[in-house]
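Lifted from TrEMBL, the feature list:
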DOMAIN    104-289  domain 'FAD-binding PCMH-type'
BINDING   Leu132, Val133, Val134, Gly135, Asn136, Thr137, Glu138, Ile139, Phe212, Asp235, Leu279  FAD binding site
BINDING   Gln625, Phe656, Arg760, Ala927  Mo-molybdopterin binding site
BINDING   Glu660, Arg728, Phe762, Thr858  substrate binding site
ACT_SITE  Glu1100  active site, proton acceptor
Amino acid sequence: GIVMSMYALLRNQPEPTVEEIEDAFQGMGLEAGFCGNSLQISLRESNGNSPNCCMDQKKDHKQVTLSPSLFNPEEFMPLDPTQEPIFPPELLRLKDIPQKQLRFEGERVTWIQASALNELLDLKAQHPEAKLVVGNTEIGIEMKFKNQLFPVIICPTWIPELNSVEHGLEGISFGAACPLNSVEKTLLDAVAKLPTQKTEVFRGVLQQLRWFAGKQVKSVACIGGNIITASPISDLNPVFMASGTKLTIVSRGTRRTVRMDHTFFPGYRKTLLGPEEILLSIEIPYSREVRFFLSIQAGLPQEDDIAKVTCGMRVLFQPGTTQVKELALCYGGMADRTISALRTTLLSGRFWNEKLLQDVCAGLVEELPLSPDAPGGMIGVPAHPHPQLLLQVLPDSKCGKLDPTYSSATLLFHKDPPANIQLFQEVPKGQSEEDMVGRPLPHLAAALQASGEAVYCDDIPRYENELFLRLVISTRAHAKIKSSEGARLCLLSLADDIPGSNETGLFNDETVFAKDKVTCVGHVIGAVVADTPEHAQRATHGVKVTYEDLPAIITIEDAIKNNSFYGSELKIEKGDLKKGFSEADNVVSGELYIGGQEHFYLETHCAIAVPKGEAGEMELFVSTQNTMNTQSFVAKMLGVPVNRILVRVKRMGGGFGGKETRGIVMTVAVALAAYKTGYPVRCMLDRDEDMLITGGRHPFLARYKVLDETGDKDSGILGYPLTFIMERALLHMDNSYKIPNVRGTGRLCKTNLPSNTAFRGFGGPQALFIAEHWMSDVAVTCGLPAEEVRRKNLYREGDLTHFNQRLEGFNLPRCWDECLKSSQYHARKSEVDKFNKENCWKKRGLCIIPTKFGISFTVPFLNQAGALIHVYTDGSVLVSHGGTEMGQGLHTKMVQVASRALKIPTSKIYISETSTNTVPNTSPTAASVSTDIYGQAVYEACQTILQRLEPFKRKNPSGSWEDWVIFSLFYPRTPNLGYSFETNSGNAFHYFTYGVACSEVEIDCLTGDHKNLRTDIVMDVGSSLNPAIDIGQVEGAFVQGLGLFTLEELHYSPEGSLHTRGPSTYKIPAFGSIPTEFRVSLLRDCPNKKAIYASKAVGEPPLFLGASIFFAIKDAIRAARAQHTDNNTKELFRLDSPATPEKIRNACVDKFTTLPDDCTTW
């Protein structure tokens, strides 16, 4: 979608503006593997030529050259316009042929294309239950994901009356089938040509369309469909209702015009239309001179198409006065349908002022209570967006003087054009042109991925007689299985069908299929196999399972209350905590919740199993980070030796840890089905299935007590299990700060939710976040600047951590000082303070935070790797290693390592795939160590080859590379690793990666929205193997962290069912989430002697730096609270992660948030 959006833009506009580029990307979410900025700054800096240059000018550092350019445009492939596809001429001829009805008959659905209005009305009379479909943006979702069946579908897109646009005396009328992009263009033209007072409604509609969706959706979705679907969270319907938009409704023999008001939507997903009626046209009215019309969305990333709350407001004044004649306030997201606040708006005769504003807000809270189970209801924004709407009218209504600090409330967020800088150290002069180590080599598969030619698991061509599998999953959180009955004509596999063991999982504590009891919604009970994916999906709904419910534990709090834990308490303690507390002047304590996070990789879990027909052999193509566990779990389930199972991975469309272990629940089911049928079997999870079944990042509940004088700390961390997650969390609970006396304890909560799993950082980001939270509280309590408190408490070179590992090559102070300088922190802090004094309802925050991330698996034996290298007679080299490629560029870096080691061009080296028959017993591709361990394995294999070739070189010094054929296999292991929690001794990590980020944000105190203004990052990645990939990893991890701490929120029902199962309800970062100014600099001249070619791991460490956005938001909230001291605000306040708009809004305590509100979240 991203590539095709850009391609379409360039086809239509060869030299687009920045605004056109941003519009082309509108509405697209960012998987963190694709977060590179769309624009690059092409300038070259060295040795401080720029005042913002992040180079340290200390004399004891040798001269180095920084480059801000990751690519050379001159190296791009030239565009050949003659090779561009053209619109098919035979389709162009169709426009001159008279239209006639088309009809397609499917197994269960008839699709009819109507050619004339009368024909359409006749069809609707014959089939009153038929659905009219134009863009299929709603019905398609209901059919695929809600499993609804519509036997007759009618398409009216050819009918002229439904596509017409007419400019009338009272407004502009649009045919109901007009695409939204056509509506948008027409209204933009009208706003440009007509007087301002006549187009206020148009501007309100355009404001909603701006964030409605991407161009692809708006080019097919129609204005009538948006109305008739009657979505309770519609963006446009509240605007249409508030403006009194007229709707023309027709059926065979009847025609009527109605004004959209509070009666138009009588119930959930219902309208006033009769079964045989259709919506013909929509007339959007002109506004009048004494009328004000405004619309607003609240509670969403600005590029998302679904808001928490949408509001449209119309105010009509008595001519020449500020006396209210009419007021309309209409809402989406506040009930099971679009509603109008009728009682609150009975204000005829009152004058428009702040007293009226207060009364309206209080009235709305009373009139629009929101039940937690209301369909379409968006809990958590009790103040709604109406204060901002009402304030916007104040300065324009000539109602008297307005406090100048209120003026910012009238302005909506506007994103400035991006300005991005990426700095890295260039390779030394004299380095061979063929030596690509340290150069920004593009990802080797980039061209294939951009063109769509890269082969992913589900792209593998279908096998003959291939079958398709769908999982049968539990709908109960905790229950006994009483009985199950499958659909006829489809193979149903259950626990009793397993030839080997039904036990699975890392600790043999899970089952392939639930047998007697289910322990979560999403627990796999069985699988259905059919000849097509559609038949398999339909068959799963024919499986009937009866349950006997058991008590369920859903939250961490539930687990604590019921003493539901895995294993015993984990603890790290150092120093004399009792003595520290007895001598403390102040004690800061608190509690903090950090929510989970969904991986949201572009490619969901996928597997293909191909039985070989003899000796139990089976070949599996899997989207997995862990070929070894996949192989062993399948073998155990089938009851065959591991050597009979071959697992192959070409590439993955993202992983982030989510494909390390949890994909096994699907893969073993696919293997079982292939074993039972003897045919190849394929399964790719839908997004909603993937999110429900496979788990995500572990949520944490933390309680801490800190001494603000000495820095002593006592903490307790509670999280969902995995033991390794908690271990890494405890090892990172110091972040980058020296704490003389510390005790950290952790418990693993056992709940009835799907098991969570590894996710970029593996418990580290949660612990780092907790540390920064109490550090912020300490700074506030001490009354000192936060950056000063952080800097004073940083470790120094040679210090021992709380787990007694000595810090060597501690470059964090360099990163800190460089980031502080390059970000112009102190000057901008003064500007932020000035802005906050001048603005009441917009506030800015600025925060700089460090990160220290340990590099290694905490299980020592996993820190090993294998590589196999073949050299062929033509001189080409095939490299195989145990790591998997998921877009992070691992294969690219391995080619660079082999190229330098063998002293041959990268063009002679190829990596085909990862497979268990070339490199067995591999560690998962995780923990950021893959470049380190596999790079070392490749290097040592190359050295062995070179040693074996040495006699040939001596005998034939003038011989060529093409004369040699050899292979080698090695298993290097990271030395000196092995930490003991019992003795608090030993090295937990091989080394640490450091970084610092400084971020500035602006928040809207009335809506909770925020804008990421600028982020500066300085990252120590040693001597970068590939700056292009490493900077991409830094940017991608930062944006994923930004999502974790400010956007992405998982919602479960009280019964344990996940509500957020797709992009409509689960919000990942979009292009607009990237800071407007995004500056990334790789620390120069900092080689790491402990890894391949002096590089450092980079995958996970930068993720936590996304928390700088969170703490900048908290800084802005603190400024807002300081301005409203009359509302009993406290200096220390709790802000749980993620900092969503509703949390930000509620934390900005003011006269609106303190209004009575009985709404409570689940």
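The first residue you see is number 1, and the count goes up from there.
Note: Cβ is positioned from N, Cα and C throughout, glycine not excepted.
Caution: TrEMBL annotation is automatic and unverified by curators.
Annotated pair Arg760 (Mo-molybdopterin binding site) and Arg728 (substrate binding site), C-alpha to C-alpha distance, rounded: 12 Å. If you take the CA of Phe762 (substrate binding site) and look 10 A around it, the binding-site residues you hit from Phe212, Leu279, Ala927 are Ala927.
For the FAD site, whose annotated binding residues are Leu132, Val133, Val134, Gly135, Asn136, Thr137, Glu138, Ile139, Phe212, Asp235, Leu279, the maximal Cα to Cα separation is 21 Å. Across the domain 'FAD-binding PCMH-type' (104-289), mean pLDDT in this model comes to 93. Within the set Gln625, Phe656, Arg760, Ala927 that the record links to Mo-molybdopterin, no two Cα atoms are more than 13 Å apart, and one pair reaches that distance. By the criterion of other Cβ atoms within 10 Å of the residue's own Cβ, the least surrounded of the binding-site residues Arg728, Arg760 is Arg728. When Cα-Cα distances from Phe212 (FAD binding site) are compared across the binding-site residues Gln625, Phe656, Glu660, Arg728, Thr858, the shortest belongs to Phe656. Fewest Cβ neighbours within 10 Å among the recorded positions Glu138, Glu660, Glu1100: that distinction goes to Glu138. By a simple count of nearby Cβ atoms, those within 10 Å, the most crowded of the binding-site residues Asn136, Thr858 is Thr858.
When Cβ neighbours within 10 Å are tallied across all protein chains shown, the highest count among the binding-site residues Phe212, Phe656, Phe762 belongs to Phe656.
Put simply, Glu1100 is the one of the recorded positions Val134, Asn136, Thr858, Glu1100 whose Cα lies nearest to the Cα of Phe656 (Mo-molybdopterin binding site). Measuring Cα to Cα from the residue listed as 'active site, proton acceptor', the binding-site residues that fall within 10 Å are Ala927, out of Asn136, Glu138, Leu279, Gln625, Thr858, Ala927.
The candidate set comprises the binding-site residues Leu132, Val134, Ala927. Of these, Ala927 has the most other Cβ atoms within 10 Å. Within 8 Å of the Cβ centroid of the Mo-molybdopterin site, not counting the listed residues Gln625, Phe656, Arg760, Ala927, the chain contributes Gly655, Gly657, Gly658, Glu660, Ala758, Phe759, Phe762, Thr925, Ala926, Ser928, Gly1099, Glu1100. Overall, the recorded substrate-binding residues Glu660, Arg728, Phe762, Thr858 cover a maximum inter-Cα distance of 17 Å. When the binding-site residues Glu660, Arg728, Thr858, Ala927 are compared by Cα distance to Val134 (FAD binding site), the shortest distance belongs to Glu660.
The Cβ of Leu279 (FAD binding site) has Ala176, Gly224, Ile227, Ile228, Leu247, Thr248, Ile249, Leu273 as same-chain neighbours under 8 Å, each 6 or more residues away in sequence. Cα of Asn136 (FAD binding site) to Cα of Gln625 (Mo-molybdopterin binding site): a distance of 36 Å. The number of other Cβ atoms within 10 Å of the Cβ belonging to Gln625 (Mo-molybdopterin binding site), over all protein chains shown, comes to 28.
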